[in-house]
């Protein structure tokens, strides 16, 4: 995926080395947490500057201060050579600082043009000047090479196209500083190449980009400098060409990670927990057959559209299959809903943990007990809140969930700790079969290692684990066997010890024999 680029620090203009943004001594406190402790950062025109750190390192808080969503408790922000104190995101945006969040901030039922000019529509008298708005939107989206009509509803666009709409929206505000939060997390390789092309063009126009990503390997293609944060502190800032990925990882976690994956302690038995035969959803997948053994981690590999998530959802009862059988512990079962699947000991950890795995406004304690409320209820049906707190504290300690208290709202936790809460929820339920769907997407290397360790511990305790992942090294590092899918069909089941990325991709592309 390599592409032509400027050398580190080399933008297209003489102004490239001119500082556009500087932060000095930034501190930010929340109840029970010092989120930022004396952070310093500078950003130059025409520069792509990566900010790296584990979840909880302070990246999101720092970006929210720069973009006007938070005020710092201490320290100074200088923008274009003058001290600033933005009191809202709209103030920062008006000054030329825009942020593109990982969860895109668009209105699906509105058109591209309406999203670009929401709350600032051009007017002719008391009426919106739709013709002018569409014309201006067309110019904005043409600048970034987005080939859609400005009247197209945003909801019908792909994630990559929606992200380009967000970039066009920022440019319509004449953004000179653009913050990109995990911009490639939901993109295909081809879409990532397109995004990097746009970033190169923005850099050439003198736009300064703060780039947040856990995908360190892709940074070499576009990043000029990299700043590492840890526990709310500034650790280092370097030209990207002067440091290795191992250096960055070691600074992020405060130690060297000799192995990306833990030494496996689990050994699968011959006891079959889940036996799926000829399962199908017409037009979606199948027929598919496989078995999951006690203590096994079974991988699901495949390209986008291969049907991996759809198969898991059908087994979990979220989608109704059109045929096939499911047996648990040797006994046929009929699963018509997630409630029935949960009762049978099956859990599904969705790839979208925020929408489908957590109740974000609720505290950690309530989320941990959500799947097994009866476990903390009296015989009269009343919740015993002291028991809920005891259960939550046990899992917070056992899973090393970083939170100021079990009363903290789960939306305030980092992505890795949110994922641990989801796992804890199913552990408290006593689930014996767990489907992990992209469990490490959007979390840092240290949190990934912790999640891997939990998965192996579950398998060692006799749980059957299915790992759905788009990361082939993850599948090779964590599984016993790998089932490969292509367009809804299983093309192979491979012994992980005796396969390779090349063989997996061979079958994932639909070929039957390596």
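Easy rule for this one: first residue shown is 1, then count along the chain.
Glycine residues also receive a Cβ, built from the backbone N, Cα and C atoms like all the rest.
Per Swiss-Prot, domain 'ABC transporter 1' is recorded for 21-256.
DSSP assigns residue 54 (ATP binding site) to coil in the three-state reduction, placing it in neither a helix nor a strand. Marked as ATP binding site by Swiss-Prot: 53, 54, 55, 56, 57, 58, 59, 60.
Annotation comment: Swiss-Prot describes 267-512 as domain 'ABC transporter 2'.
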Check: When you tally the Cβ atoms that lie within 10 Å of each candidate's Cβ, which of the binding-site residues (53, 56, 58) has the highest tally?
Finding: 53
Notebook entry, point to check: For ATP, what surrounds 53, 54, 55, 56, 57, 58, 59, 60 with a Cβ no more than 8 Å from their Cβ centroid?
Noted result: 229, 414, 444
Next item on the list: Might you list, by sequence position, any residue in that chain lying six or more from residue 54 (ATP binding site) with a Cβ less than 8 Å away from its Cβ?
Entry: 230, 252, 253, 414, 416, 444, 445, 446, 447
Notebook entry, point to check: For residue 57 (ATP binding site), what residues in its own chain, 6 or more apart in sequence, show a Cβ-Cβ distance under 8 Å?
Noted result: 229, 230, 231, 232, 252, 444
